[in-house]
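**Q** Can you keep this structure in mind? I'll have questions shortly.
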Amino acid sequence: MKTKPKSAYRRILLKLSGEALVGEEGFGIDPKVLDRMALEIKSLIEVGVQVGLVIGGGNIFRGAGLAEAGMNRVVGDHMGMLATVMNGLAMRDALQRSHVNSRLMSAIPLNGVCDDYNWAKAIRYLKQGTVVIFAAGTGNPFFTTDSAACLRGIEIEADAVLKGTKVDGVFDADPAKNPDAKLYKEIDYQLVLEKELKVMDLAAFTLARDHSLPIRVFNMNKPGALNRVVLGEDEGTTIKHCETIIEKE
């Protein structure tokens, strides 16, 4: 009889950038990437992990960019929130086609499109093994989807925020510019701030730090990386309260 792998986490908040959905399309959503991610998330449900999900909207719209060009920042951020809802609808559809129960909850009311965000219902769905997708950020302008991920992670009492990126984790320098950059295995929140390592925006990062919510940074484009992270294998970088820095060989 085949035994089910034991996960390192009971409940996670998975944060994906909107750009992660682009694939080779250059803009919008690549259906092949969406389906691959849905299958990776399905593998987590199959080992008993409860999954909350926040997706950015940068593949469709970036409010901050147009704000610099003169658009009112509040209007731009509202448009960005709607972009995250579009990504959430696409992911919900991909999950359901992969036979994974999922609910889409929006921080702004969109009757007939998705559910309103409700903390108690979200917890209930998670306990039932349903993937809960949190869309529209925090519902407020001037807050990023990274802030939304940390906020929802704290609210649902996630064991960690898993941040899927284009790189293998957190490095001591930009790996694109410095081929000798070292990858951290574990690092303390304070050292990330002191070294000015780019993980997420300051508001999101300090929120996670103040609530002792670990952040795990990994490469979502690497096949199987998400599964390895959840199973506690040596993948990516963990940011938490710790006294020593652990670098990978």
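Counting begins at 1 with the first residue displayed.
Note: Cβ is positioned from N, Cα and C throughout, glycine not excepted.
Sharing the record's features from Swiss-Prot:
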- Lys15, Leu16, Ser17, Gly18, Gly58, Arg62, Thr165, Phe171, Asp174: ATP binding site (BINDING)
- Gly57, Asp77, Thr138, Gly139, Asn140, Pro141, Phe142, Phe143, Thr144, Thr145: UMP binding site (BINDING)
- 23-28: region 'Involved in allosteric activation by GTP' (REGION)
**Q** For the UMP site made of Gly57, Asp77, Thr138, Gly139, Asn140, Pro141, Phe142, Phe143, Thr144, Thr145, how many Å separate the two farthest Cα atoms?
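**A** Roughly 15 Å, rounded to the nearest whole number.
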**Q** Beyond the listed site residues Gly57, Asp77, Thr138, Gly139, Asn140, Pro141, Phe142, Phe143, Thr144, Thr145, identify every same-chain residue whose Cβ lies within 8 Å of the center of their Cβ atoms for the UMP site.
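**A** Neighbours found: Gly80, Met81, Gly137, Ser147, Ala148.
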**Q** Kindly assign Thr165 (ATP binding site) to one of the three DSSP-derived states: helix, strand or coil.
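**A** Reduced to three states, the DSSP call for Thr165 (ATP binding site) is strand.
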**Q** From the binding-site residues Lys15, Ser17, Gly58, Thr165, Asp174, pick the residue whose C-alpha lies nearest to the C-alpha of Phe142 (UMP binding site).
**A** Gly58
**Q** If you count Cβ atoms within 10 Å of the Cβ of Thr138 (UMP binding site), leaving out that atom itself, what do you get?
**A** 20
**Q** For the region 'Involved in allosteric activation by GTP' (23-28), give the DSSP counts of helix residues, strand residues and coil residues.
**A** 0 helix, 0 strand, 6 coil
**Q** I'm trying to understand the geometry here, so how far is the Cα atom of Ser17 (ATP binding site) from the Cα atom of Gly57 (UMP binding site), in Å to the nearest whole number?
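**A** Cα-Cα distance, Ser17 (ATP binding site) to Gly57 (UMP binding site): 7 Å.
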**Q** Can you tell which of Gly57, Gly58 has the most other C-beta atoms within 10 Å, given these are the binding-site residues?
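**A** Buried the deepest by this measure is Gly57.
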**Q** Measuring Cα to Cα, how many angstrom lie between Thr165 (ATP binding site) and Thr144 (UMP binding site)?
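**A** Thr144 (UMP binding site) has its Cα 16 Å from the Cα of Thr165 (ATP binding site).
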**Q** With Cβ-Cβ distance below 8 Å and at least 6 positions apart along the chain, what are the contacts of Lys15 (ATP binding site)? List them in sequence order.
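**A** When sequence neighbours closer than 6 are ignored, Lys15 (ATP binding site) has Leu53, Val54, Ile55, Gly56, Thr145, Asp146, Ala149, Val161, Leu162, Lys163, Gly164 within Cβ distance under 8 Å.
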